[in-house]
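Annotated in TrEMBL:
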- 659-750: domain 'DYW' (DOMAIN)
- 130-164: repeat 'PPR' (REPEAT)
- 231-265: repeat 'PPR' (REPEAT)
- 444-478: repeat 'PPR' (REPEAT)
- 479-509: repeat 'PPR' (REPEAT)
- 581-615: repeat 'PPR' (REPEAT)
Amino acid sequence: MTSLPSVVVGNTLKLESEFRKHTSTSLPFEKRNFIATHLDKSLEPVCLDFREALSVIKDGPNFESSVYVPLLQECIDKSSLSGTQLIHGHIIKTNAHEDLFLMTFVVNVYGKCGAMEDARKLFDKLPKRNVVTWTSLMSGYVHNSQPELAIRIFQEMLEVGAYPTNYTLGVALNACSTLYALKFGQQVHGYIVKYDIEYDTSIGNALCSLYSKCGHLDFAVKALWRIREKNVISWTTAISACGDNGDSARGLSLFVEMLSDGIEPNEYTLTSVLSLCCIMQAMSVGLQVHSLSIKLGYESNLRVTNSIMYLYLKCGWISDAKKLFDGMEKISLITWNAMIAGHAQMMVIAEDSLSAHRSGVEALKIFLRLNRSNMKPDIFTFSSILTVCSSLVALEQGEQVHAQTIKTGFLSDVVVGTALVNMYSKCGSIKRASKAFVEMSTRTMISWTSMITAFSQHGRSQQALQLFEDMRSVGVRPNQITFVGVLSACSHAGLVDEALKYFEMMKKEYKIKPVMDHFACLIDMFVRLGKLDEAFEFVKKMDFEPNEVIWSLLIAGCRSHGNLELGFYAAEQLLSLSPKDSETYVMLLNMYLSAGRWKDVSRVRKMMRDEKLGKLKDWSWISIRDRVHSFKPDDRSCPPCGEVDILLGDLLEKARPLGYESQGSLEVTDEKDEETTFSSIHHSEKLAVAFGLLNTPNASPIRVMKSISMCRDCHNFFKFISVLTAREIIIRDSKRLHKFVNGHCSCGDFGSLL
């Protein structure tokens, strides 16, 4: 384990005199006259080639090595390694290499140009070094993403008795932050405390960043308060730390204190604060920050505008976000990505499926505009738009995006590959999902988990479990979500022994604490098998109170297997949670209505009124040739409704000889709690499927989205229709994916009961 050398721990060291007084955040080079006053104006690097400039420099009694500094600075500005090497060779030729300051500067330039091997070789050849030389090499390693080597150099520096400056310690702390090396960072902090320099601004900022990245927010904020002269970087670091560590309210509070302290925020402060507003959906604060940004002159700043736009999207202010977007003179790819990702996020937080669908369609339109702008999408664009296609079950659009990833060379990226697996799976094409997974050049834990979950959701339990074993055999460690997919696969196949084995493996071998989703999978398994007593016993073993999903599973199982006594008990437990979902109450109403328990029906209706829950909004929609067609129950507004009615009637007549029996649904239709039985022949998903059968080629699958759960009758009906039409019928309802093929559904016929 990395630690400070014993010379530091065991002895009292003296700091260089400039250590305590130096507060600059730049390298403390020796004060010299860097301007080569004796060089003619025509020698400025911007006017001459490096070779031309060097040809004028002659060694002599009046020669000053500082003439190289402007040329070396030009190398930094242009990231010119060849220029640096050329100048370095000329320095040796003129014997200027004996100037420690100049050679230290060359080390620094090599680092800035990404040539750390050259920097280290030069460093090792120097006959003497000072603290600036050591710090330059350390800074170079941090700049080039080699923080472990920066720490090693820091240790070597201390071992030879060199004394660090505050900037040196700041670089060491930054290296620790990058490596999340908390223990070594704490040792450096101890060194800082020993010499009473926590008050220094650059050191305090570095400490705040270290503790933030290592998940110690309280220590990060304490580091802020110890700084005597807090600058905008100090406050911004602490505010960002709050966001990174899940305490957004504290971050906003620090922002208020920063303003009270008279510190003017910069663009990074504003974007950090707007990010906190996004997390908290604090629109009122966000509006004030927006006004402040305009007052401070950041109205046209791309970073700030993107953050404001994303906040508006996150809080549902679509028109305001669009107004900002359309009013921008220059739109960067980051802006396009923010708009697409914002609409994708809107789909997640939408109040209903129809609103989510609208947001998704708008995201696709924005992506189309991006392509027409001649700007090339990146991996973030493709990842977001593929997520949108997944949620919309928009396979055609997803295939087009897939083709574009191949054309642009992003297909090999693991993020894009994983997004493709999810997209094909959620659009009902498990074969293409599997093909996308197999073709991935590299796979992460998320990639493996996505494919395991895909097999599970499509009812391919054995393939899911085999893939899990393959994942373990190649040394990839599963997480909580991986085991949800594994246990779900066991549940679908009724593999009780295997499920319990994997459950124990998760706890004992991988030290993963079970969460509600793991218990839900096991309870789902027992319920599917009719082992209701075992299911209720398992509930008692849980370390936490069951949620609405658990009780809903138990109620569905009790109804399916005819155990109404346990079903009514589970219903009481569910009602005690005061659920907010209309579908949950409808399920309970159907159970009480079928049993003739009118008092319970009245009670549930009253609870719905108290919770201000309206009727279920039953909508279904299907996308055909880039056009979306939506339907509601008994919809007479669609142009070919006559053809749809005729087809449904014909399919109904053909399904009956095969064993289909239409099941009427019970529902309370007025305030007097009267029972009404009605036909489900014109439920929205049936209309959408019939429309799809009429308007798509004979062999193509039908893909429908539905805003609420499918009823039992529709679920049963589509099993027969998949046989009669020889079509795959894929329906994504509010609970899960249903893929009907040759009379079977991927949910194992249990999803329709919820």
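Cβ atoms are placed via backbone N, Cα and C, with glycine included.
Residue counts for the repeat 'PPR' (444-478) under DSSP, split into helix (H, G, I), strand (E, B) and coil, are 26 helix, 0 strand, 9 coil. Distant neighbours of the repeat 'PPR' (479-509): 445, 448-449, 452-453, 455-457, 459-462, 464-465, 468, 471, 515, 517-518, 521-522, 524-526, 528-529, 748; these residues of the same chain sit at least 6 beyond its ends, with a Cβ under 8 Å from one of its Cβ atoms. Helix first, then strand, then coil: DSSP counts for the repeat 'PPR' (130-164) stand at 26 helix, 0 strand, 9 coil. Averaged over the repeat 'PPR' (130-164), the predicted model reaches a pLDDT of 94.
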